[in-house]
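According to Swiss-Prot, the protein has these features:
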- D67: active site, proton acceptor (ACT_SITE)
- N137: active site, for ring-opening step (ACT_SITE)
- H139: active site, proton acceptor (ACT_SITE)
- E144: active site, for ring-opening step (ACT_SITE)
Amino acid sequence: MKITNLGTSGYASFYVACELYKQMSQQNHSKLGLATGGTMVDVYRFLVQLLRKNKLDVSEIETFNLDEYVGLDAQHEQSYHSYMNEMLFKQYPYFNPSLLHIPNGDADNLNDETKRYEQLINQKGPVDIQILGIGENGHIGFNEPGTDINSATHIVDLTESTISANSRYFDNEVDVPKQAVSMGLSTILKAHRIILLAFGEKKRAAIEKLAENEVNSDVPATILHAHPNVEIYVDDEAAPRL
């Protein structure tokens, strides 16, 4: 694992967009593990620019999103289905919809949905590149502190800190979903390559804990020490202090 400070969030986002584009252009049936949230906005913005400029054929690219809120249907403006459509799939509308996979947080039977999604990843994966953000409490996906390191796709009860952090996207904190469907930690580790991004001073503490080089269930992202091919890119504000 290597933590690299690329100075600004813009440059780091552009770098990761280039890495995704390179993977897609070199292997036209690439499988990508995608993330959402504020950290990824510029990654997708730059990726769309690269795709448009080069008119890349993405009809065989397959994607698997990390998570989705429980209780929001795909059309809800704050669902991660809507996020991905607005940030990427509608901006470059040449992906094959049947190859774009996001957990169904509004499924009638959520336990069956977690099993279905895990089985789908096992059948079609592993993904070539999994991109990740990190929460202030060290969560990746929606795997909160204390998550079993062997967890598969599962239903998560979100912590108060995560609910509070996500409340900026909703009219008020009461409207923020309290649960999510998330890839598990063991699911994430199946990827061939993992790229994690962290921007801003609020993420520094989590990155410093990640830099301690040991697996700690209280900081879920530390499970990445068990993976042989992890890259972490930060800006100046999130860079660990010496």
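Positions of Cβ are set from backbone N, Cα and C atoms, glycine also.
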Practice item. Specify the secondary structure state of D67 (active site, proton acceptor) as given by DSSP, simplified to three classes. Key: strand
Exercise for review: Write down the Cα-Cα distance for D67 (active site, proton acceptor) and H139 (active site, proton acceptor), rounded and given in Å.
Suggested key: 12
**Study point:** Close in space, distant in sequence - E144 (active site, for ring-opening step), Cβ under 8 Å, 6 or more apart
**Key:** N137, V156, D157, L158, T159, T162, P220
Check your understanding: Relative to the Cβ of D67 (active site, proton acceptor), which residues of the same chain, six or more apart in sequence, are found under 8 Å away?
Key -> T36, Y80, P103, G141, F142, V156, A180, V181, S182, M183
Revision key, fill the gap. Row N137 (active site, for ring-opening step), column other C-beta within 10 angstroms, all chains, value 19
Practice item. Name the secondary structure element type, per DSSP in three states, that contains H139 (active site, proton acceptor). Key: coil
